[in-house]
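Report on one structure; see the data block that follows.
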């Protein structure tokens, strides 16, 4: 299925039904009192989070949603039937924005969570409502109110615990294939990952975390170059970033130190908050160099960039070091509350 993470839709709630103007007409009662009933309420429109959906692609085909109006009231004090509400399923992690004002209406992060995006119009009142001691035969009624109408911008931000960062061909997709059941495309050319992939990494039967692999970043990504910038927003909900560094690049001109610095610059320009997030270095493709060269090369990179946070050496292809890394990630996630990041902002 094609991955779509933004959509524009129009929602129009139903209008309320009108109140009825009616008087009792029965045998031997020529001047019966008012018996006009109220109208029904118009249907409202809700978004509902569905864990079985992972893209907004369906809105490419249907982008206008309209609820029915309530029925008008009838004589004999019969109330018009209210219209049924409409529930539009969206993926977990969907934000709903008012397109014209830019107002955030809500963020759907829990299965079954609902968000009212267009309220149905209130019903009109029948003339029976206006009977009083001084007005025995009121001819007054009210009309139903119109329903709300909005243009919404839906934006999907994937829900993941861990985000994978790095230049194209740093080995992120190979890693996520190694430690999870996800199957992103892997090849020896840039941009084999064209959209985000989620992988569930299971430590044991009771412990797991979700990792997000996004397309690799390149110099100038924050200004729109390459593919990764469009998907950086999917890392905003993560609690840990794993920065993958190719310690044995195919091109000798590609310096691992320059690669690390380039990624940090792009993160800082895109979002200072994202750049300040907890981040670990993962030196990948260590199977391509000798043990002695591996140690010296990794130490040189750490020294050059003055890195003081955790560092891991792995080979995503052979699996060397991967179990140690994912167990450390699991331990970190268990120690850090999911709400700690939100509280600090």
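The backbone N, Cα and C atoms fix where each Cβ goes, glycine too.
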- Message: If I go by Swiss-Prot, the feature region 'Disordered' sits on one of 127-148, 149-170, 171-192. Which?
- Response: 127-148
- Message: Rank the binding-site residues 169, 173, 315 by how many other Cβ atoms lie within 10 Å of each Cβ and give me the one with the fewest.
- Response: 315
- DSSP says residue 166 (GTP binding site), in three-state terms, is strand
- Cα separation, residue 173 (Mg(2+) binding site) to residue 166 (GTP binding site) (Å, whole number): 11
- What DSSP gives for residue 285 (GTP binding site), in three states, is coil
- How would DSSP class residue 173 (Mg(2+) binding site) in three states? helix
- Note on the structure: Sequence-ordered, the binding-site residues among 215, 285, 315 whose CA is within 10 A of the CA of residue 173 (Mg(2+) binding site) come to 215
